[in-house]
Amino acid sequence: MKTLLLTLVVVTIVCLDLGYTLKCNKLIPIASKTCPAGKNLCYKMFMMSDLTIPVKRGCIDVCPKNSHLVKYVCCNTDRCN
């Protein structure tokens, strides 16, 4: 009976597909945050005048287009930014 119950619990967890939560770095890379639902990308924003130091990091739903002043780099794995 215990085996049957354990099997049902495992099957339920697998079938529910509990979902995956993405973690993105904040501005300071040692700190990260869990992205809210619908925000499936991590991003880094750079000023075009200095592409070596990101000025903003976080979660986003759609990667913005680059402009003459700002460059965005987006990715979709944990802490990839």
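Cβ from N, Cα, C; glycine included.
Per Swiss-Prot, the features are:
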type     : residues    : note
DISULFID : Cys24-Cys42 : disulfide bond
DISULFID : Cys35-Cys59 : disulfide bond
DISULFID : Cys63-Cys74 : disulfide bond
DISULFID : Cys75-Cys80 : disulfide bond
SIGNAL   : 1-21        : signal peptide
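Projection of Swiss-Prot feature records onto the structure.
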residue	record	Cβ contacts under 8 Å, 6 or more apart
Cys24	disulfide bond	Ser32, Lys33, Cys35, Cys42, Tyr43, Arg57, Gly58, Cys59, Asp78, Arg79, Cys80, Asn81
Cys63	disulfide bond	Leu41, Tyr43, Tyr72, Cys74
Cys75	disulfide bond	Leu41, Cys42, Tyr43, Asn81
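Least crowded of the disulfide-bonded residues (Cys59, Cys74), judged by neighbouring Cβ atoms within 10 Å of its own Cβ: Cys74. Ranking the disulfide-bonded residues Cys35, Cys42, Cys80 by the number of CB atoms within 10 A of their own CB puts Cys42 at the top. Secondary structure at Cys59 (disulfide bond), taken from DSSP and collapsed to helix, strand or coil, is strand.
Classification of Cys24 (disulfide bond) by DSSP places it within a strand.
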